[in-house]
Amino acid sequence: MSHVEDLWERLVRSVLRRERTGKDAYGRPVEGIAGYVPSSLANNRDIDEILRAADEIQDEDPNVSRILCEHAYSLAQNLDPNSEGRGVLQFKTGLMSVIKQKLAKREGGLIDRSQDIARLQEFYKLYREKNDVDKLREEEMKLKESGAFSGNLGELERKRVKRKRVFATLKVLGAVLEQLSPEIPDELKRVMESDAAMTEDLIAYNIIPLDAPSTTNAIVSLPEVRAAILALKYFRGLPTLPTDFSIPATRKADMLDFLHYMFGFQKDSVSNQREHIVQLLANEQSRLHILEESEPELDEAAVQSVFLKSLENYIKWCSYLGIQPVWSNFEVVSKEKKLLFVSLYFLIWGEAANIRFLPECLCYIFHHMAREMDEILRQQIAQPANSCNSENGVSFLDQVIFPLYDVVAAGMLKSGGSKHQGKTSFVEHRTFLHLYHSFHRLWIFLAMMFQGLAIIAFNKGNLNAKTFREVLSLGPTFAVMKFFESMKALQEESKRNGNPVIFRLYVILVGIYAGIQFFISFLLRIPACHQLTNQCDRWSIIRFVKWMRQEHYYVGRGMYERTTDFIKYMLFWLVVLGAKFSFAYFLQIKPLVGPTQTIVKMDSIEYSWHSIVSKNNYNFWTVVSLWAPVVAIYILDIHVFYTVTSAICGFLLGARDRLGEIRSLEALHKLFEQTSHQSSSEVVEKKKVDAARFSPFWNEIIKNLREEDYITTHEMELLEMPKNSGTLPLVQWPLFLLASKIFLAKDIAVESRDSQEELWERISRDDYMKYAVQECFHTVRLILTNILDDEGKMWVERIYEDIYASIAKRSIHVDFQLNKLALVISRVFALMGILKEGESSDMEKGAVKAVQDLYDVIRHDFLSIDMSKNYETWNLLSKARTEGRLFTKIKWPKDTELVCSGSFSCFSIYLLVISPRDVVIKEDVQRSQVKRLHSLLTIKDSAANVPKNLEARRRLQFFTNSLFMDIPMAKPVNEMLSFSVFTPYYSEIVLYSMNELLKKNEDGISILFYLQKIFPDEWKNFLARIGRHENAHESELADSPSDILELRFWASYRAQTLARTVRGMMYYRKALMLQTYLERLNSGVATSDLEAAISSSDATDTQGFELSPQARAQADLKFTYVVTCQIYGKQKEDKKPEAADIALLMQRNEALRVAFIDDVESLTEGKVHTEYYSKLVKGDINGKDKEIYSIKLPGNPKLGEGKPENQNHAIIFTRGNAIQTIDMNQDNYFEEALKMRNLLEEFHRDHGIRPPTILGVREHVFTGSVSSLASFMSNQETSFVTLGQRVLATPLKVRMHYGHPDVFDRVFHITRGGISKASRIINISEDIFAGFNSTLRQGNITHHEYIQVGKGRDVGLNQIALFEGKVAGGNGEQVLSRDVYRLGQLFDFFRMMSFYFTTVGYYFCTMLTVLTVYIFLYGKTYLALSGVGETIQIRARILDNTALTTALNTQFLFQIGIFTAVPMVLGFILEQGFLRAVVSFVTMQLQLCSVFFTFSLGTRTHYFGRTILHGGARYQATGRGFVVRHIKFSENYRLYSRSHFVKGLEVVLLLVVYLAYGYNESGAIGYILLSISSWFMSLSWLFAPYLFNPSGFEWQKTVEDFRDWTNWLLYRGGIGVKGAESWEAWWDEELSHIRTLEGRIVETILSLRFFIFQYGVVYKLDVQGSDKSLTVYGLSWIVLAVLIILFKVFTFSQKISVNFQLVLRFVQGVSFLMALAGLAVAIILTDLTVSDIFACILAFVPTGWGILSIAVAWKPLLKKMGLWKSIRSIARLYDAGMGMLIFVPVALLSWFPFVSTFQTRLMYNQAFSRGLEISLILAGNNANSGI
């Protein structure tokens, strides 16, 4: 035990050492024992604070630190004396060791603990004196009065952190003193109370310090916040609360306290909702008007708006049920009562946990609790409500939510054991009939149209009475697709001896039904009529009509659109349907009529096999084989026409919205050029004002690009825009527009022999050359005038007056020697070079000399004017120059000095954000002007390619382009809608560690090396930013922890990490602070804000706005960012690096909040009891997190899918009117964050009959810049999120929520079930269900493209396949959902079609594309093996017809992604231009994008079909790292074997059979044309994983892959062995989806197709001669059985005893010899040939696979029969064979080195085009060394 204790002591000492340093080598906070107080200790906040204070003062006084630790231990012991809670025993043991450690360091003998209190008191005084608390108090008062510190941000933060740390420690010391000693000296007590008043802001709060009013947080001083707080106060109608009810002394009781007492809501939940409601009310008030500062009072309109928005769903629910809401008369409900109802609803919602997914259940709870509350108010006695009261006290959670949670949880668990695996929104049966069930109108329509077109075609297009009678078979009496019976009955009635009465009655009934339906549909298309039916919903006739229209649900009512919108999407579909049915009739149906009639009439056809079902049935199967592919394409091609039409429509809409107007830097230049074309003084002054508004925002964008290392410091200087706030009579443009223009203008002037007008006209052809000349002209005058004395100023004025006079006389080329202009420029350049440096005596002498040289050059070389007119002036100047008096005194340029004119603002008309104000600057010349002029005279090279970085270009181009689009006018920040950003996180990478960055893969490649090669310019910019040489090695950074930390962030910002997402989203806050800061300066009320700016620079610098307390407060009121890190608590307990990294992010981003689920285990009566808490934390001053709220949950919140449950538990911590859902692989940009206010105003624009509830936002996929696969995925995704969603929103009105980053109407959605759905399995694609729910509940979803958010996508083929598999499986589950059923039933017909073809219909059509190949090939196989094909071909020549060719071509074009590429190409043309679009498309084709799209087709088909048949859809963790490693052959085989390889080999088998036995008159050419699409598909499926595999054809890798694959294949595995390690384990995993009886039957039926090969081939063998009896087929089964027996003999288990080894080998040898002998005898004595042997392989291989597939489906039965091991052996043989068929071609190609080179170029063409060292990345030639 002593050894163990010694080890524990060493561990504790190590922890203590680390904890006192606070950070590790990389600058990351290191958490010791103080950071890991078990959550099961109910009072853990106090214990944690005590231990942190003990750590803080350890070095100052170990004795006091020991006292604090002992007190913390006693608190823990009192809370859990038996250490039953999880982690409590370990915590106590560790804490005791820490105390022993402190005791061991004591000086002297035993400790006298009786003196502990005295020591504490004495230390309290000494600590105050040491830290000069009184001075801190003075600074605190100064901060309170002025609102800001002076100085820079670092100084402010240093003071703030020091103050908080000192007062936090004093708070802990005082609290411990009060607990240890009831008697404290009066003087010390007064000091402690005074100090406690200064620690109010240390009490944990989220945004608004309600329980502890802060003296430093300006948010509480905002009038709208104060008004909202006052509005919630305790009003006269509420009964008095009992005196023992605890309320913080810092505030008065309010109505939420009353509800807290009455219903037993949790304290933290009440605090959370109190802030939530205050924030809602304050923001609603701010949109109305600004309140009085003195006594703000909330407007009735603000309360009314929040009330109606929050309880709208409840009011509709009451109306639907026909019951009275809790208020009898809405008009007489007081403002206070409305707030009471709102508060009650949100308190219920805040604790409802998983029940929040049931919004109508919340309405029910609210309804009855509100009635109960009314009764208590009527009695005027404060008492607990009966509904929440029990023997254990009052608890809403225990009495109301917990029983409901139990029911929901039991339903989830119970469903797992039923035959329907997995809980869904209703008990479903997996069948494709759900597609018909939900969209039966579409299928009936397609079937009836097909029937109608076929009837017309078979009647040769004659529209006579016979045709009309047959067309009437399309009546609605056959709504379940039984039109065949109808057609037969009508044919009988049409006979001459039929009864015409029945026929006429039928026509009348059809007409009546159709008329009624048309009349109802027409009426309900009118919004007023629809609203009227909703109001008259209680009438029986109305209910009957709605029942006919399927509108009897509460969810899904009233999904109609404005008539104009209806006409738009109706016309869209009329175009699609017109094209589709024209195509179908003329190219599909009509060409097949003649061949069909010929085949039906054909008789005496000789079959090659024993015909069982083919005779005497009009050649039915031949007709089926002919029509089946055409019918499949008929169903499929409507999606093709939709795709093309929507692409064209989207292109036109994008052009209308002015997308793609700025595609290059040249276009960007023209944008600036358009801002100034005239030269009148008024116009120039207006443009200067615009430029002054625009410049701070533009410059902040440029600075952020520099901070992100996209541009160099030099590029930043070129791109920054002058403030345009001086007296220059022109607009100053950024230097990148004016670079080299002066030198070009000089050359023109020197070489010119033209007149003055012609010279100026040549210069003015380039506007920016003209601007550069004008700016230099005026700036030189301004600078010289300011730096020279009186005589010098006289000279400057004289020169400029002469120049103006010459211009007026148009004789400047005569009066001045323009050929000497270069000399003048050189002298000005020399002068500016001196003036831009710091002032010194030497510099001043040099400046004097430079001015004198300039004077001499101008006086003697440049001037040719007649000086006699101003003789006195020139004489005086000459005399002064001769005597040395001229220019002896230089007034050195000063830095910028500002005065605020009272109307100061900075933003432009381009952003449409801020109203114009002006800037006034003192007339002293600024050094910045000197530097700018120096730059203008220095830069000789054009800046046309600035910035060079492609990402920086893209962002600036998109930003400037978006300013010319239709952007709504934004409100000022204080009037804008508030919003939250919400990011779910599980366990992905937060921030790369140095170990992760430097760890090399098997090829010797580290992530850091990869990033350095992929982003070489950004790496150099980063090194420059941190002050290192651009060629510095990363190992040189090891001496600086701050540089190491910056390096980690640099790398993480280029990956799909949480750090990147957090940085991007926090730009919202930065943008709001800047906008607020400038707005407050506009109004002149925030003079204290100006003090926050650095005294020596101007107020538009970033440091100014980041220091403003008012700007921070306004930003915090409008913006909240919550990252819901579900297992953060567990990560902290396990001391995972992710937890430390998250804590670091909270430290760097003060507004970041982290929510997580904390599970607390305790031992009760010998049983482990787990409680779950939803917690919210923020960063604190100690480098750790501070708990804000802790809300108990009824149980484990993860009942359904993880991500939506993670969102649901944390959504209660979000705030605002809107919420933006952001995934953790997304990014944001500062320039886009500036437009967020504009986007939020879309909620109040006209977007249809209803206001928007979800604002769709454009995404930019940032992962498509290197590999070809990443590019394909990026282009495909970009096409959908831009052009595709543009059309879905307008005109189709069916855009849903497809993930992130859409902006939700937050209150609308949280009162209607949340922002996602969580039922297990069926809601695996949880995001889209938010769109379904929003639409079903009368929402409106729009799409906007003037703002964008970054998005990461999968970049490797395996990642892409897993992602597409997840999405396809999710769509398969959607088919079964109630949401899809309701949308399919309740949409009008045209919206229903739009919805179908953009959701589940897309995947069904994808699957049908593949099935078309199977249908066609099996049809050809039937014709080939039966012999019918040859007979028909010879007799009629009708198989090569137009219809079949059309069907095959359509399928092929869809298969290779041509129709997918149409929207992509049009998107390219729109946003890149025609030429670049063509180049991009051709490049993609050369990179084999068609192979990729064909391969993806197989992925989607497999997972969609399997999910519908068997279920099993699950979340696939694709991984978001960099894919630079080689994927092993076995890994690819495991992933694609069943989804692609098996199906690809089946297609190859069909093609080989058709080649061997089919008849084609055209020979090889005909076969190739007919089968090329199928060959392309099969080969793509078989070899794409290796074609797109890095180093896939490198010989050494191939050898290693073969060894690894054989090891995997032969390893038998065992318990706990994973599929990646053993073939047997993988095979069992692959069969896990077949679980139900229905699934087994379906698999059996589908497997029967493999037996056609043997049945057909055996009759084609030479050995059978002309015998067509069943005996031949029977003998083939005998042969197959013999082969299986032989296989079993040769694979008999070797684990038998040694005694039988000789017998086994003898039997195997005899069997082998007998087999050879039998084969030889058969060849000699019969007609068996070698070709027959190969034919037998074609026959028996698919038969064996069919047997194997059926056996797999009935696995439990075969296990009972003892045959499973044999089946597994056969399966292993098949996998070995399939693997070899695929591996051999790969190995052969690997033998040739050039193949590997070609493949590398193919995969990384974009990288090569950027000159990147891909070969180094793949070869691993890096020289990384450890840090």
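Each Cβ is built from the backbone N, Cα and C atoms, and glycine gets one as well.
Annotations in TrEMBL come from automatic prediction, not curation.
In TrEMBL, the transmembrane segment annotation falls on 1731-1752 of the listed ranges 1137-1158, 1731-1752. Residue ranges 341-364, 1565-1588 are listed, and TrEMBL annotates 1565-1588 among them as transmembrane segment. In summary, the transmembrane segment (1565-1588) does not lie against the transmembrane segment (1670-1690): fewer than three C-beta pairs, each 6 or more positions apart in sequence, are under 8 Å. Per-residue pLDDT, averaged along the domain '1,3-beta-glucan synthase component FKS1-like' (336-438), amounts to 83 for this model. When Cβ distances are compared across the two stretches, the transmembrane segment (1773-1794) makes contact with the transmembrane segment (1541-1559), since 3 or more pairs at least 6 residues apart fall below 8 angstroms. The stretch in 442-459, 626-653, 1731-1752 that contributes the largest number of Cβ pairs under 8 Å to the transmembrane segment (1395-1417) is 626-653. Below 8 angstroms of C-beta separation, residues 449-450, 453, 456-457, 525, 560, 634, 637-638, 641-642, 645-646, 649, 1290-1293, 1388, 1390-1391, 1393-1394, 1442-1443, 1446 of the same chain, each at least six residues beyond the ends of the transmembrane segment (566-587), sit close to that stretch.
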